[in-house]
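Each remark here refers to the structure printed beneath this line.
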Amino acid sequence: MARPSLLIVLLAVSCHRTSGFALRGPVHARRCLTSAPFARRTLCATPRPRAAPTSTRRLIAKHRLSSVPVELSAAEATDVPQAPTPATASSSSGPSLLATGTSFTAIVVADFVLRRAFVRAGIAFPPSLAGMVVLFAGLVVLERAAPKSAEDIVSSLEPGAALLARWLPVFFAPSLVVLPLSPPPSSVNALKLLLLVCGGWFVSLSSTAAVVGALSPPADASTTDSAAPPKTLAPVFRGPFVRGLGAGAVVSGVLAVAGGSGQAPGALLTKLSKPAAQLSLLLATLFGFSAGTRMPRRVSKAVHPVVMCSAVAMGTAAAIGKGVGLGFADMLRSYLTRSRCPVHLGAGDVLLGLLGPSVLSFAVQMYRRRNLIFEDAKQVAAGSVFCASSGLFGTALVSRLLGLPTTLRLAALSRNITSPLAMAICSLIGADPSLAIAIVVLTGVIGANFGATALDALGVKDPAARGLAQGGSAHGLGTAAMVNEPTAFAFSAVSMALTATASTVLVSIPSVRTALVRLALGAAAGVPAAP
């Protein structure tokens, strides 16, 4: 059995030894910017700035965001080039391994405690989402009363949040790996589903941009982001680390086959066969993802790293199953057991279990963007709520009109919601999580490839409208594609989190959930009870 402690070490070491930029937060940036030589040059060269007019706040936000690392949630942060800034160029090391591990563990433990408390209280609302909202609100209130205390808390949680952000796509890969266990749709239904996803994405993108644009003041030319292509930078994961994951997967796979083939030289090797198999599947999943991030951009746009790591995990499961005499389906079932007993957990269960902590860590990212949220609260709130409600009910109506099977109708409802909360919605409405995640990934890939082009064709220039539309319609993958537009990128990250949050809150309301499911399935359809 793959142990969570081993996973923590692997993930933390990867972030500590690869690109340290994603783990360095604003505290590190301030230390570099306030170092004596740099501070003297800066203070002597520029006078103390006056308060900026309201019309230039987005330009200020753009400058502020370009100086502070921005973490994706939802997203799929591996698509984002990790560019060095003046704050990070002077140092190549991020937070210590101990600090990262401590922060990561604190977030995981907090999520575990919340889940246990919600189960005991019989609350159906997703505990990680509730924790995210409470933590964000608490930090905002604390920042008003004791700014230093709020900053200390956020700084201590940032390494763990950055670790989760970097590996976030892997945490929903298990649902794709076990997708072959679900009955495949017919070719006609597959075409209908593709029409629903593509059409739904474009309608969400264009309508959200129109709503936000109608509420936004005319944008100055100076606030428009430049559309220069992103620089080609070093991969997120370095070669030795990726090769180490691959070698570990091969070695543990060989041990699993040797122990499970019936010809093992000792009883110990036989007992280690199943744990070695799950360790091999875990390392293979991580290897496929980290190797996928090193592919050329034109390749990763066609085959996303999540798809690649899922394919590698499937291939590894097939190879080990053949060696130990188990079928492919049996290996996939052992990969993701969905058991609550730690002894029976598979590699996929360990990865999937980190989705909750990832949602909880969104509070740290949202806190760092609180100024954007508050300064443009009207546009942010309107865009997020509109995109969430229209996405849910519009998808329900169109899927019913297209005559899709029940399983596809329910799975498609979360098409534009970032994966961790899409999983929460699946549990509330009784949808197949594997199908739902596959639809989420397809929507994100479409948005990442065509979102900016579509917005240009629609004449959307305002960074707020571009970002809110992209993040709301294509979640984290679409957000990652906006990295060359700094202000729009920040709005997209906020929209991704708030749209998913609003969608989950709506579905968590029993009356709204009943109306949504009946719209999708028909008035006579039964509505799944919340777990």
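Any Cβ shown, glycine's included, is placed from N, Cα and C.
What TrEMBL says about this one:
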| type | residues | note |
| --- | --- | --- |
| SIGNAL | 1-20 | signal peptide |
| REGION | 76-95 | region 'Disordered' |
| COMPBIAS | 85-95 | compositional bias 'Low complexity' |
| TRANSMEM | 121-142 | transmembrane segment |
| TRANSMEM | 162-181 | transmembrane segment |
| TRANSMEM | 193-216 | transmembrane segment |
| TRANSMEM | 236-258 | transmembrane segment |
| TRANSMEM | 279-296 | transmembrane segment |
| TRANSMEM | 302-329 | transmembrane segment |
| TRANSMEM | 350-368 | transmembrane segment |
| TRANSMEM | 422-446 | transmembrane segment |
| TRANSMEM | 488-509 | transmembrane segment |
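Within its own chain, the transmembrane segment (302-329) is flanked in space by residues 76, 78, 169-170, 172-173, 176-177, 179-181, 249, 253, 256-257, 260-262, 273, 277, 280-281, 284-293, 295, 335, 347, 441, 444-445, 477, which lie at least six positions past its ends and keep a Cβ under 8 Å from the stretch. Note: the stretches the transmembrane segment (193-216) and the transmembrane segment (350-368) are not in contact (fewer than 3 CB pairs below 8 A, sequence gap of 6 or more). Put simply, of 162-181, 236-258, 279-296, 350-368, 488-509, the stretch with the most CB pairs closer than 8 A to the transmembrane segment (121-142) is 350-368. Segment contact is absent for the transmembrane segment (279-296) and the transmembrane segment (422-446), given fewer than three CB pairs below 8 angstroms at sequence separation of 6 or more. If one looks beyond the transmembrane segment (488-509) by at least 6 residues along the same chain, the residues whose Cβ comes under 8 Å of a Cβ in the stretch are 61, 65, 70, 72-75, 124-126, 129, 132-133, 225, 362, 365-366, 369, 372-373, 376, 380-381, 383-385, 387-389, 391-392, 414, 416-418, 420-422, 424-425, 428-429, 463-464, 466-472, 475-476, 478-479, 482, 516, 530.
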